[in-house]
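Taking it in order: structure first as structure tokens, then the write-up.
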Amino acid sequence: MPPHLKHALPIAFWVAGLALVFILLYAPILSAVLFSFSADRFPSLSMSGFSTQWYAQVLTDRAMLEALWNSLTVAGFTALIATALGFAAAYADYRFRFFGQKAVLALALLPPTVPLVILGLAMLAFFSRIGIAGTLAAVVAAHVVIAAPFAMAVCRLRLAQLDRTLETAAQNLGAPPHSALGRIVLPHTVPAILAAFLITFAVSFDEYVISWFTGGLNQTIPVAVLTTLQGQVDPTIHVIGTLSFTVTLTLVLIALAVVLRQSGGAMSKEETS
Amino acid sequence: MTNTHLKLDGLAKSYGNFIAVEEFSLDICEGEFIAIMGPSGCGKTTSLRMLAGLETADRGEITLAGKRIDQLPVWERETPMVWQSLALFPFMTVRENVEFGLQMRGVARAERRRRADDWLERLGISTYADRNVARLSGGQRQRVALARSLVLEPKVLLLDEPLSALDAHMAIKMQGELKKLQRELGITFVYVTHSHSEAFSLADRVVIMNLGKVEQIGSPQDIFLRPRSKFVAQFVGGISLLEGKVLGREDSKRFLNTRDGKVRLSHSCGLAEGAAAVLAVRADRISVTITPGWGENEIACTLVSEEFAGAVVNLHLETASGHSLVAQLQQRDLEQLDASIGARVYASWHSDDGFLLDRARQSLPGTKVRAA
């Protein structure tokens, strides 16, 4: 323990505090996982038995499966486009020095700070004007707007570790710009690109407000869940919650592992040099 | 060194209002070792970058072996560079780094490997061929950077302060190796540095730059013994300058009237009576005595400070008019001199050891030496 904390509160206090935070964060999620396996129709702690019936019900529910498919399609396309845009923006910011660079950067990172309701409503108005409201393409376009800044942020972090001279050095050794980009910049940035893909996928997969405004009858999983909940309390919600949570958590954990491994590698390189 | 091989003609480069290089012209012979030296911001690195195509010159032409190259993009110039930061590719092995340029030129795999291995062998780093470049010492990384450029068999190698990342001991060792390599290969080296010792010990010719202009081009001896401008004299160091007016002939002798008295000029000086001139005398040619009457040109001074520099000592003197002179003495001579700080001493020199600075260059701006 650092010396300045030595005579402060006992360590047990900090551990208890941390435990409380984690319990408050994860208890609702854990309860969803627990109740998804309950044999009862209504969630209660005196569970009468263990059952996978709700899983069977969800996996045979055509509307839910369609929503899942919509979600996967939207998230897949969103991740592809947002990552490409995010990398391109991060690269431009890394490679070039131009007038108004800071302003461009701020503008590019702005969308996630706009309230989703406003963004969703504005998107709906715009999409209906150009006649694509209510299509999955509209949802993808809207999701790209909020997801691309995340991709850009992740790629920028990685590019910041790359000496800007390297790309020039490659050109100096005879590599035309596309080769220098492909041989020097991309290999270095691949882990970040992968992480950006997973994170933007997760962002889109979880997003409710914009999907609800712009998706129309094409429901994604979060929209379908909320729609179901408005009608009745259905135990299949717990199943969907558990499945969604697992998908998102897996994606984020993989992204985290990729990012941690790359920075760990960079650190050990610095030590030896 | 016969024909002009690499010709830089009137290169200029500005960034907005800032003039990085005002005018740079230089004819370089095949196999010549050129060092470009000057204080930070003098335009030396910009000039090198224009040569490599990393900066586009606003004006001027560059010709290499009779072919104009200044309009070629970087990757078509065949002017590989050893970078100050070395810029080795961090996620590649030593061999992959060296093979990179060959691969970009479409050399087949087997041939590429053979040529890369030749160079690794030649520079004594073949043991590390499969190692990641991040796991090498400074000297080894330096050799990889050299091998990576030289494997392309360039006609010209550009070096941008290549030894600045090394510790002093290693830098001196690499200096020797660089010179040897350059002689063996017979290719042109253009070497940018702010280090006097590197420039003077390596180069056939040294270019001194200041404020975007070439101050002087010449052999290290030339520049050391005959600086043409105040700036060069002060940049090279160890030179005392005396300003004054040229007097008329007396018995075929010529004199300069300075604020500290009349001093005799060497015969070779061809200035007209009344002309303003700056006389320069090297520190090692100035004798210091505690009694007057020992030398031909003698100025009474106060000993201001002593600066220990190994086998020699630099004495900083101040004349009655407040002018600074510097004299270099052997340790032994200093012991015999037996003068303490603040003592009155006499500085003298033989008139043949004094030389006048090039008049055309005396009134240049920026004669103040900036931090190198």
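First residue shown is number 1, and so on along the chain.
Note: Cβ is positioned from N, Cα and C throughout, glycine not excepted.
Because TrEMBL annotations are produced automatically, they should be read as predictions rather than curated entries.
Per TrEMBL, transmembrane segment is recorded for A:12-37 (among others).
Residues or ranges marked as transmembrane segment in TrEMBL: A:68-92 (among others).
Summarising the annotation, TrEMBL assigns domain 'ABC transmembrane type-1' to A:68-255.
Annotation comment: TrEMBL describes A:104-126 (among others) as transmembrane segment.
The feature transmembrane segment is assigned by TrEMBL to A:132-155 (among others).
Here the transmembrane segment (A:184-205) has Cβ contacts under 8 Å with residues 71-72, 74-76, 78-80, 82-83, 86-87, 91, 140, 143, 146-148, 150-151, 154-155, 157-159, 161-162, 166-167, 170, 175, 220-221, 244, 247-248, 251-252, 254-256, 258-259, 261-262 of the same chain, all six or more residues outside its ends. Annotated transmembrane segment per TrEMBL: A:184-205 (among others), in sequence order.
Taken from TrEMBL, the feature transmembrane segment covers A:237-260 (among others). Same-chain neighbours of the transmembrane segment (A:237-260): 29, 32-33, 35-36, 38, 43, 54-55, 57-58, 64, 154, 191-192, 194-195, 198-199, 201-202, 205-206, 221-222, 224-225, 228-229, counting only residues six or more beyond its ends whose CB sits under 8 Å from a CB of the stretch.
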Chain residues outside the transmembrane segment (A:104-126) and at least six past its termini with a C-beta under 8 angstroms from it:
89, 93, 98, 133, 138, 141-142, 145-146, 148-150, 152-153, 207, 209-210, 212-214
In the same chain, which residue numbers or ranges, 6 or more beyond the ends of the transmembrane segment (A:12-37), come under 8 angstroms Cβ to Cβ?
43, 47, 50-52, 54-55, 235, 237-239, 241-242, 245
